[in-house]
Each structure stands twice: as structure tokens, then as C-alpha cells.
Amino acid sequence: MKLVLAIVVILMLLSLSTGAEMSDNHASRSATARRDRHLSPKAWPCGGVRASCSRHDDCCGSLCCFGTSTGCRVAVRPCW
């Protein structure tokens, strides 16, 4: 009888700890989704070729910013 009671208590504790981990993971996922939504292309649009830019992050993909007058361009080397 004591053995059965001990097993039941252990299983209850395991289910409680697993439930806490699942809720923590859910909170982490929702925070990640919120961050991704704020950093989505709609929130931070990038520019294509000849788009106005002031830094490399303003240009899409492998394009680099060559100043406000030149804009985003394809570079032979990685952006510096």
C-alpha cells in the first residue's frame, strides 16, 4: 500500500513539473512570436536595388548600402 501511494505521489509530482515546463515553453514561444512579428518585413521593410538607404541593414538580402545617393547595390564582397 505504501509503495502504491509513493508511486502515485511521484507520478503527480512528475506531471506537475512537466506541466510547468510546458507553460514556460509556451511563454517563450509566444515571446519569440511577438518579437518576430515586430521585426517582420512589414515592420522593418528592406530596400531592393537602388533603394534609398543609410546603412546595410536597410537593404534586402545580399545587397549593400553605398550611401544615400547610390542606394542599395549588389556587392562583389560582403558588406563591411
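Cβ coordinates are placed from backbone N, Cα and C, and glycine is handled just like the others.
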Looking at Swiss-Prot, which of C53, C79 bridges to C64 via a disulfide?
-> C79
Spatially speaking, which of the disulfide-bonded residues C46, C60, C64, C72, C79 is closest to C53 (disulfide bond)? Use C-alpha to C-alpha, please.
-> C72
